[in-house]
Amino acid sequence: MIKKNRGMFLEKVINQSIDFYNLNDLALFEKKATPKVSKTSGVIIHKKSTVDYIGIYQGIFIAFEAKSFSGKNFSLSNIKNHQHEYLEKINKHKGLGFYFFFHEDEEKFYLMESKKLNNLTKKSISIEQIKKNALQIELSFPGIVDFLPWVKSLINN
């Protein structure tokens with residue numbers, strides 16, 4: 001996969017999945033717009049963006065950050081402190097905050113609760129640690145990753 005387009009496949013799959021959920025009234029999700037600095041007008045955005053996606057399912061607020069990576073490790077520098085803190089605040093207030101990973105080499109999707117990253121002392125997390133601490137979910141026809149069963153299981157615990 002070309003580095004320039006890293007994350008585009010994951011974003012497309014997630015967008016198709018949430019469109020399916022929204023269309024079938026199973027849940028309500030949206031991709032948050034990423035603020036950009038205008039080169040022509042010189043407008044500067046002062047507030048940092050929080051996470052990629054927000055939504056609601058069965059009365060529970062949900063927020064997640066989508067990350068693609070390749071190789072044996074995911075560098076935690078790809079997660080900004082304010083993003084992780086935001087997800088943890090969501091969890092503190094009885095919502096659900098998590099990470100949606102795509103490992104490009106294996107072409108596999110993983111969902112991991114944000115709290116699983118809390119006490120890491122290294123600057124990266126190995127694919128083996130992700131496999132141990134996350135749930136792998138499959139891509140199904142027509143390009144949908146059905147993550148609602150995982151969300152439901154976390155809500156019901």
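The backbone N, Cα and C atoms fix where each Cβ goes, and this holds for glycine too.
Per Swiss-Prot, the feature Mg(2+) binding site maps to Thr50, Asp52, Glu65, Gln83. Long-range C-beta contacts of Gln83 (Mg(2+) binding site), restricted to its own chain and to partners at least six residues apart, with a cutoff below 8 Å, comprise Thr50, Val51, Glu65. According to its DSSP assignment, Gln83 (Mg(2+) binding site) is helical.
According to Swiss-Prot, the site 'Transition state stabilizer' annotation covers Lys67, on the basis of similarity to another entry.
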Between Lys67 (site 'Transition state stabilizer') and Asp52 (Mg(2+) binding site): CA-CA distance (Å): 9
